[in-house]
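Asks: For reference, the structure I am asking about is given below.
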Amino acid sequence: MAKRDFYEILGVGKSASDEEIKKAYRKLAMKHHPDRNPDSKGAEDKFKEAKEAYEMLSDPQKRDAYDRYGHAGVDPNMGGGGGGGGFADAFGDIFGDIFGQAGGGRGGRGGPQVYRGADLRYNLEITLEQAAHGYDTTIRVPSWDNCETCDGSGAKPGTSPVNCTTCGGHGQVRMQQGFFSVLQTCPKCHGSGKINPSPCGTCSGAGKIKRNKTLEVKIPSGIDDGMRIRSSGNGEPGMNGGPPGDLYVEIRIKQHPMFQRDGDDLHCEIPISFAKAALGGEIEVPTLNGKASFTIPEGTQSGKTFRLRSKGIKGVRSGYAGDLFCHVIVETPVTLTERQKELMREFEQLTIEGGSKHSPQTKSWKDKVKEFFE
């Protein structure tokens, strides 16, 4: 099975502090520690899973690489020498597992273990316009591929892997646990059943090398922030003939200077002049598909919201367009000329003489103040 998200394992968000991550790990470690659950294989697996997640997220450099690229951003424990098991360690056990190595699947009875490749994650930042209209792009994803020098065998050219002398090529060894006989992943070949007496110099016997893979990604119109696009088979390669993992492209939408998105709806603030608010009239507003206009009535107050139907974003699932909500902001004039100030004073005097009919909210507020002090 594919590796789970490290943040999900610990039950914390991606913005969690170091202390929160440490606290979450301690809680899980206490709950699932093998000494407290001697007969629970599930608890033991969860304990190892939590430990691996903590080891990655507690290291600032590893956490940064994981946040950017997912599991592919964290280097496997690549080792050289005769074992050729460095790459296998990336899928393997933290402490050693007498019940069989965690994180993979078992092949034929007594044969080498087969592992599905790890899933990869790639964060892709796009604009709101690209999200609304769809977008085709290419991305470069760091991934592990078969070493071309040794064709993935891990052996030096001209040589071949040989059966592991510890497990006889089976990838597993049998251990006696009291009255029970159980299979354990071979500690020498790490489940592959093979060792390389002469490891490949390019990949140090791992059979894998890290490189950037260029992929085309089609972003559907209407996609929202946080949605993921799955690219099957473009994750890390499997082990011992296992299938490759998948690539998940997680969408991040840049903040727009004018619009705020709420699902398929859009919101924007529209500044209008004092005169336009008082007299009413037609105003022109931008949308993601061009310009639109609507009429505001006389006496429009600041904060009034106008709804333009179907001027939002067409939903990626619903197929229907959301609405555009225009929030009117009446702008108070500044840097007035003397003539403008004179006219404003005259206007203010006329408003006072006209009584509450010109400023009903002001009249209501004054009445409330008067009642408050009486």
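Backbone N, Cα and C define each Cβ position, glycine as well.
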Asks: For the annotation region 'Disordered' in Swiss-Prot, which listed range does it cover: 29-50, 227-248, 293-314?
Replies: 29-50
Asks: Within 10 angstroms of the C-beta of C167 (Zn(2+) 2 binding site), what count of other C-beta atoms is obtained when all protein chains are considered?
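Replies: Step by step: centre on the Cβ of C167 (Zn(2+) 2 binding site), count other Cβ atoms within 10 Å, giving 25.
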Asks: If you draw a 10 Å sphere on the Cβ of C186 (Zn(2+) 2 binding site), how many other Cβ atoms land inside?
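Replies: For C186 (Zn(2+) 2 binding site), the count of other Cβ atoms within 10 Å is 25.
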Asks: Ranked by the number of other Cβ atoms within 10 Å of their own Cβ, which of the binding-site residues C164, C189 ranks first?
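Replies: Per the Cβ count within 10 Å, the most buried is C189.
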